[in-house]
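Asker: When I checked TrEMBL for this same protein, it listed these features:
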TRANSMEM  20-42  transmembrane segment
TRANSMEM  54-79  transmembrane segment
TRANSMEM  99-132  transmembrane segment
TRANSMEM  153-183  transmembrane segment
REGION    212-242  region 'Disordered'
COMPBIAS  222-234  compositional bias 'Basic and acidic residues'
């Protein structure tokens, strides 16, 4: 029963959240099983551009460290806020959600070129948390039963918690900065006087990820209408035999 419940929960996850969290878990499992090492995954501009190890542009977002408290903590927040974004403000807009992933990853990678950052997954999680928190400003949060605050303070609370654990806050600040840039360009600037939408999702992403909407003005040909389908005609003949 537990397995069925887990499988049902897993299959019920929205597509992007399921794909990203699965990739993170599988990457960590592969490291734990010593199939690969973190040295094959970390962000290294020299190896990327000179040795053409392009996969590092992606794998550095997938590894959150060895199994332990920090890993499970990050996975819980990643799963929770990625899913709430995808099922909330990005519902029915999978292409826009994927574009946010690409935009955020691109900015973090640019910053990583000038700083000694090896893994950016935690920064990516903080970005997701930041965007969700700014789009849900009136939700009350409780952190481990100790703190009560409004949702927009959540990224800062997480940064403070990371600091208490002895971690560098550079990664958290990067996630907050990139999240704010996306939020400003997507939600704030277009609504300002003279502002306009600058982040336009490429059409090829919409073709791949978004289901085309049915045209409300579409009028099917008579032979394509449901009442004229052969099965309906056969049923009518059976109900009204000559």
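Glycine too: its Cβ is placed from the backbone N, Cα and C atoms.
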Asker: Restricting to the same chain and to residues at least six past its boundaries, which positions have a Cβ under 8 Å from a Cβ of the transmembrane segment (99-132)?
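Answerer: Distant Cβ neighbours of the transmembrane segment (99-132) are 16, 20, 24, 38, 41-45, 57, 60-65, 74, 77-78, 81-82, 84-85, 88, 90, 151, 154-155, 158-159, 170-172, 174-176, 178-183, 186, 199, 201-202, 205.
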Asker: Near the transmembrane segment (54-79), which same-chain residues lie under 8 Å Cβ to Cβ, leaving out any that are not at least 6 residues past its ends?
Answerer: 17, 20-21, 23-25, 27-28, 31-32, 38, 40-44, 47-48, 105, 109, 112, 118-122, 124-125, 128-129, 158, 165, 167
Asker: Who are the chain neighbours of the transmembrane segment (153-183) in space, where the CB to CB distance is under 8 Å and they lie at least 6 residues beyond its ends?
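Answerer: Distal contacts: 70, 77, 100, 103-104, 107-108, 111, 115, 117, 120, 122-131, 133-135, 141, 143, 147, 199.
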